[in-house]
Amino acid sequence: MAPSKSIKSVVICVLILVLVLEQVQVEGKSCCKDTLARNCYNTCRFAGGSRPVCAGACRCKIISGPKCPSDYPKLNLLPESGEPDVTQYCTIGCTNSVCDNMDNVFRGQEMKFDMGLCSNACARFCNDGAVIQSVEA
């Protein structure tokens, strides 16, 4: 019976990561002129504004490709932020939201093994899927 719980938790982790990856690929990305424009866009979207309205009001563009135009470079909110920071933030967020929830549902010795697999899956997801030039809209 114990291996059954172990397999279930790994399957749940993989399914959640696949769903997140599919959503990331479908959505457009926003590129902003500078940090002030990025903050404006994020605030507008958080308040419920649509992507086109917020992009127009905040000097940003919605793109469908993986890279921002050179005159719209801003992904990072802080000038000193870079790819390692983004990857680490992604990995921590994935681990906290996916793996920790699995830990709350299933307890036991095999869960420690599953948590390791889940953490590795998050690291692979964030390292392979990190795109620095743009951010999800």
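Here the Cβ of each residue, glycine as well, is placed from N, Cα and C on the backbone.
Quick look at what Swiss-Prot annotates:
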- 1-28: signal peptide (SIGNAL)
- Cys31-Cys68: disulfide bond (DISULFID)
- Cys32-Cys60: disulfide bond (DISULFID)
- Cys40-Cys58: disulfide bond (DISULFID)
- Cys44-Cys54: disulfide bond (DISULFID)
Disulfide-bonded residues (Cys58, Cys60, Cys68), the one with most neighbouring Cβ atoms at 10 Å: Cys60
Coarse DSSP state, helix versus strand versus coil, of Cys54 (disulfide bond): helix
Cβ neighbour count within 10 Å of Cys32 (disulfide bond): 24
Three-state secondary structure, Cys68 (disulfide bond) (per DSSP): coil
Disulfide-bonded residues listed as Cys31, Cys54, least Cβ neighbours within 10 Å: Cys54
